Each structure stands twice: as structure tokens, then as C-alpha cells.
């Protein structure tokens, strides 16, 4: 059937809707707007749009995968490290109080040792009592190997809160203790764990805020341990006869609570490593300087704390001073140790940490031998003061040295700090109990010889580490 207005007959498969259209609305099949052509064009347009969208998505995907310049600071970019400023120095303030309540508590144990031997734990030997302080110090360093990866994963705030709680809780529980095992759980385990959770992060966070001033920053922070070692023994000695052991211990607990508020408020993580670090960096032990450094501090820490634990008892039992003055000996040693943490660390930024810690270790060894001839109050006080100053660098400079040895692998600083302190912890663990056993068998002179020999061996190992690091040049900064 033909339709008017169209000179062409429609093919048999033309849709019926088109066949029913009026002549004036029908489109010419020979024109560019024919149905098949239009359908192909629409399909081509849809394909073109799809391809364009795919290309856009690909470009966006490529942009996501390409390394971009992040607005966040990088741990690898040394130039981005502030190396000063209000926020950076607030971290030092916070770290100061973390040291105040970690190493400061450890440095106070000599007062507890003397009190436990004469009063609370009279049935226990000096060696057994010293295990409490040794385990406390051991856990402070060992727990750092676990706290380090947790810090790297971004949980600094959680570590800070958990550590603060354990410190206060352990101190409060100590006030209720009457037996050896109770003191061991509260003071050694609980406080030791709390100290360990806050120690490594307090050092690691400073390395992200300081570069050329890292020694001074760590030294100022570490001075907190000396101030804690001055204030806590004096509090213990003054309050003990007035309010008794229980409330004296609680008063110290409230002091810990108040001072731990400061780091919880002001400390902030600036930058984290790109990936969560491993528990161990075995490759670091293939660096001779690193291995010898760790071994040197391991041996040194075995002997370092002999005067901290036994000088007060020595002064009382040898009748060199009266008991009242003997309790202040530890405070005197810790007060000079404050300067021994700041001044050598400041000098380490100028001369190099190895060049500072080695002479200080040699002098500390000599001073430990000198305890054998200290026979008067004046000589013992002077000896304690000098020992505190020179031993201070031995405590504060190890982190700075590890940072110095890891400048080419800043993302591994946390790992290397953690594993080095974990190994050094075993030296702390066994050193003072062995000293206590020597005291039981051979007397105080043998204890001082034991500590002096270990510190001398430590100095030799640190010299070897320094030579491996920078060679024999005396004037070379190392």
C-alpha cells in the first residue's frame, strides 16, 4: 500500500508506528536523519561518553596511585623538622615529666631499699629487695619494644593514658602492701609496666621535632629523671616519720597524678613513620658501631646503679653519716645528675655524643672505685655529687647516639631504640641483684670494685664503637 507525500515505498520491516505517521511527520529514509543512522549516532555518542568517562576514571586512578606531594610533614624530610618553636619545646616539657615519673621513680629506689631492709621487709636479704628495683627498671626498658610499634601505629595518646594509670595505681597499691610479693607486684610490675609505656614514646617523639638540637632537647627532658630523683626521696624521708609509710606513698602517688596531667595535655604527635615498624631491625646489628654501642651500655648499666642502690646503706652501716644525712645522699647525687644530663647533652650537639659519653664513662668508673676510700661525711657527699654529674650523661646520651647512628634510616629510629633498650634492660635486671649477692658475701668494697670494672669495660666498648663509626680522629665530631 502506498502513502501520499512519499515517493518511496517503505520496507516491510519498518516499524508500524512509523508507517502510521502522518505524511508531514515522516522522516526521509534517504536523509542523514534516517532511523538506522540516528540509532548508530546515538550509540556512537554513548560509546564516546563512556570512553571519555573511562579515561577520566583512569586518569583519576593514576593520580591516586602516583606519589603526590603531601601537605603532611614527612619523617624523611629533615628540612621539615621544626628544630624549635613553641610546639616543639612543649614536647620537651611533656617529656620532662615523663622522665620525672619513670626514671625519677627508678632513681628513688635507693630510699625504699634502705627502708625495706630496716623496717618493712626485714626478713628479706638486700639482694632479694634489690630485685624489686631491678625488675622495675628492667620493665621500663623492655616494655619499650612493645610500646614502640604501638606508638608508630598512632596510639601515643592511649600509651600515655595507660601508662599514667598504671603509675598512679601501682603507687597507691604500694601503700597497702605488707609482704614481699605484694611489693613486688605493685612497685616492680605495675609501676615498671607503666613506666615502660611512656618511656620510649617520650624519646621517639622528640626526634620528630628536633634535628640539630636533639641532644639538648633529650638532655632537658632527661633532666626530669634527676629532679624526680631529688624530690621523691626528700618527700619520702620527710613525710615518713610524720604520716607513716602508707600515706607517704599515697602522697607520692598524688604527686605522680598531678605531674602526669601536663604531658597528657601538651604532647602531640607531629609525624608518624610511613608504615608500622617491626619489632626488630636485625640489620642494625650488622652495623659494628651500633652493636658495640649496645653492648657497651649493656655492660655499663650492670655496674652503674651500685651507688644509687647501696650508697645510703653503706653510709649508715659504716657509720660515715647519721641516718638523717644518709637519706639526703641520694637527693644530692640526683641533683647534680640534673646538670649531668643537660650540660653533656648540650656539648654533644657541638662535639658529638660519643666524644662526650666516653670521657664521662671513664670518670664515672674512677669515681665508683673511689667509694672504697670515702671515710668521712664530706668526702662521701663530694663523691656522690660528682658521681651524679658524670653518670648523668650515661643515662641521657644513649638515645642521642642511636639517633646519630640512624640518620640514614630515620624511620627505623623507634625500632633501634626499642631493641637496644630491651637488651640494656637485662643489664639493669641482673646488675644490682648480683651486687647485692656480692655485698652479702664480700662486703661493700667488692661492690664498688664490681661496678667500677663494669663501667671501665663499658668505656672500652664505647671507644671501639666510636672508632667503627668515625675512625681514630680525635678532633672528628662523633
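One is the number of the first residue shown, and numbering goes on along the chain from there.
Cβ coordinates are placed from backbone N, Cα and C, and glycine is handled just like the others.
Sequence annotations record features per position, and here TrEMBL assigns region 'Disordered' to 1-69.
Sequence annotations record features per position, and here TrEMBL assigns compositional bias 'Basic and acidic residues' to 38-58.
The annotation transmembrane segment is assigned in TrEMBL to 88-109 (among others).
According to TrEMBL, the feature domain 'Major facilitator superfamily (MFS) profile' maps to 88-469.
Residues or ranges marked as transmembrane segment by TrEMBL: 129-148 (among others).
Feature annotation from TrEMBL assigns transmembrane segment to 155-174 (among others). Outside the transmembrane segment (155-174), and at least 6 residues removed from its termini, the chain residues within Cβ reach (under 8 Å) are 101, 105, 147, 182-183, 185-187, 189-191, 193-198, 201, 205, 249-250, 252-253, 256-257, 260, 263-264, 267, 269.
Per TrEMBL, the feature transmembrane segment maps to 180-207 (among others).
If you look up TrEMBL, you'll see 214-235 (among others) marked as transmembrane segment. Residues 88, 92, 95-108, 110-111, 202-203, 206-207, 248, 251-252, 255, 327-328, 330-331, 333-335, 337-338, 340-349, 353, 388, 392, 395-397, 399-400, 403 of the same chain sit 6 or more residues outside the transmembrane segment (214-235) yet have a Cβ under 8 Å from a Cβ within it.
Beyond the ends of the transmembrane segment (247-266), by six or more residues, the same chain brings 90-91, 93-95, 97-98, 100-101, 105, 160-161, 164, 167-168, 171-172, 174-175, 198, 202, 231-232, 235-236, 239-240 to within a C-beta distance below 8 angstroms of the stretch. What TrEMBL records for 247-266 (among others) is transmembrane segment.
Positions annotated as transmembrane segment by TrEMBL: 287-313 (among others).
The transmembrane segment feature in TrEMBL is assigned to 356-374 (among others). Same-chain residues lying 6+ beyond the ends of the transmembrane segment (356-374) with a Cβ under 8 Å from its Cβ atoms: 300, 303-304, 306-307, 311, 314, 320, 340, 344-345, 347-348, 380, 383, 386-387, 390-391, 393-394, 397-398, 401, 444-445, 448-449, 451-453, 455-456, 458-459, 462-463, 466.
Sequence-distant contacts of the transmembrane segment (380-405), counting only residues of its own chain at least 6 positions beyond either end whose CB sits under 8 Å from a CB of the stretch, comprise 103, 203, 207, 214-215, 218-219, 222-223, 225-226, 287, 289-290, 293, 297, 300-301, 304, 307, 311, 315, 320-321, 329-330, 332-341, 344-345, 348, 352-354, 356-357, 360-361, 363-364, 367-368, 370-371, 374, 413, 416-417, 420-421, 424, 469. Per TrEMBL, the feature transmembrane segment maps to 380-405 (among others).
According to TrEMBL, the transmembrane segment annotation covers 417-439 (among others).
Under the heading transmembrane segment, TrEMBL lists 445-469 (among others).
For the transmembrane segment (129-148), the partner stretch with the highest count of Cβ pairs under 8 angstroms, out of 88-109, 180-207, 287-313, 417-439, 445-469, is 180-207. Of the candidate ranges 88-109, 180-207, 417-439, 445-469, 445-469 contributes the most Cβ pairs within a distance under 8 Å of the transmembrane segment (287-313). Beyond the transmembrane segment (445-469), the same-chain residues lying 6 or more positions past its ends with a Cβ under 8 Å from any Cβ of the stretch are 288-293, 295-297, 299-300, 302-304, 306-307, 310, 354-355, 357-358, 361-362, 364-366, 368-369, 371-372, 405, 431, 434-435, 438-439, 478. Within the chain carrying the transmembrane segment (180-207), a Cβ under 8 angstroms from the stretch's Cβ atoms is held by residues 91-92, 94-95, 98-99, 101-103, 105-106, 112, 116, 120-121, 123-124, 128, 131-133, 135-148, 151, 156, 159-160, 162-167, 169-171, 173-174, 214, 217-218, 221, 263, 267, 269-270, 399, 403, 410, 413-414, 417-418, 421, all 6 or more beyond its ends.
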